[in-house]
Each structure stands twice: as structure tokens, then as C-alpha cells.
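Chemist: This structure is in C-alpha cells; I'll ask about it shortly.
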Amino acid sequence: MSKVPPVPPVVFPGGSPAGPNFQQRRAPTAPYQQPRPSSASSSIPFMSFDAASAAASMPAGPFGGTIASSSSFGGGSASFEDEEPLLDELGIHPDQIWRKTRSILNPFRINQTVHKDSDLSGPIFLYLALCLFQLLGGKIQFGVILGWVVVSSIFLYIVFNMLAGRNGNLNLHTCTSLVGYSLLPVVILSAVSLFVPQGAGPVRFVLAAAFVMWATRACSNLVVSLADGGEEHRGLISYACFLIYTLFSLLVIF
């Protein structure tokens, strides 16, 4: 067995030698802990708070007045007297919807002034009414009618602006409002068709033709009167409206 040569001691910078069997372990130190206060100093005295005295001691505002507290507003209770009605906040005006709907009922004398302020609340109501009457007739056509309303509004918007050119000022929101309110004759047709038997084909076609002409006249008059540049293209605009409401009437009679 070979003899292990002696290993010279290792001298650390601190000057303490360490041999092969020398192990220097550093004693672990406890983590720092904040000294706990004594029982005499740990008790915190109770601090009372008076809202009235605090409000009286408030500093003056930047314009010479004092800062108002919650007691100056009736004990913090909110007042709803000055709040607007919920329907007005949502943009739904029942009186305005009724005036616009009533103006469509007379196909020979339509009041165009009430339709200058366009909205979508009335068209949505007429759309739901048409879907309800179709549902009573055994036809579930919610998606079909909604899709046709959207496509018809875009179609009439494109046709009018192409005819009017730069003079056309009909926007899509107004166009959708006019198409929706002029849907009222089709809604009435759907309600009347519930009492007409399916076998009476000629009667249903005559009724559909009458209500389609009613809706076409109403929509074309509103579009021409409310938008610029449409008077000279009244015939083409009426033809586009006729196609739109013919499609809706086909949903009703078939």
C-alpha cells in the first residue's frame, strides 16, 4: 500500500490554518426579529371620532366655502326626483314611436317631419310584432326576418346613394329606421292573414298586393322627402322599395 504524501496546511486570508480534517462551521444566526413592545406600551388608547366636529373643523374650500359633508345632503340619502326616466336614458321614447307609427297608417298623407329624428326602437318593436304573428301562424322566422331587414336596409342605402351621387345624404341609420317603420303594413298583413284560410289563394294575393303598395308608397315618400337628391329618381327608389316589401309579403302568404 502506497503512503499518502503529507498535505501542506491551507492558510485562509483570515490567517487561520485548516488541515485535511479541519472543518470550520459558522454558527447559524437567528433571523432578525423586531423587539416586541412591553405590555405597558402595547395598549393603544381608544380614539373617538365625532362626525359633526370633524365637519365643523373642515378647512375652507378654494373659493371661500367649506367642504360639504354627507350630512348636508340629507344624511347621505340620494334623491331620484331629478333623475331622467329609464326609457329616456335608453333612448326609447314611446310618444315619438307612436307618432311615427301613426303617420304610416295614412298612406296618402304621411307626416315626414316626425321621421327626421331616426331611431331603431320602433323598427325593433315592429320586427318583434311581425315575428310574433308569424309564430302564431306556425312559422318560426325570427332569423330570416331579421336578416332580411338588415339586407334590405343596406340595399336601399346603396341604391339611393348610387342614384343621388354626391348630393345624397342618406345614412344607414336613417335608412334602417325608414325601412323598419314602413314595415307596419306587412305586420298588419301578417295579422290579417291569420284569419284568411290557406285555400283562399287569390284573396291572399290581393291582400298582399294592396299592403305591399301601401308600404312601398310610405317608404319611398319618406326617403325622397328626408334625403337630398332623390326627387328625380322617385321611380327607381319606389321600385327598390317594392322589391323589399314584396319579399316580406312572400313570407306571409306562403
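Backbone N, Cα and C atoms are what each Cβ position is placed from, and that goes for glycine too.
In case it's useful when we look at the structure, here is the feature table from TrEMBL:
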- 1-42: region 'Disordered' (REGION)
- 1-11: compositional bias 'Pro residues' (COMPBIAS)
- 21-37: compositional bias 'Polar residues' (COMPBIAS)
- 104-252: domain 'Yip1' (DOMAIN)
- 142-163: transmembrane segment (TRANSMEM)
- 175-196: transmembrane segment (TRANSMEM)
- 202-224: transmembrane segment (TRANSMEM)
- 236-253: transmembrane segment (TRANSMEM)
Chemist: As a test: from 142-163, 202-224, 236-253, pick the stretch that has the greatest number of Cβ pairs under 8 Å with the transmembrane segment (175-196).
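Modeler: Against the transmembrane segment (175-196), the leading stretch is 202-224.
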Chemist: How does the model score the domain 'Yip1' (104-252) in terms of mean pLDDT?
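Modeler: Mean model confidence (pLDDT) across the domain 'Yip1' (104-252) is 92.
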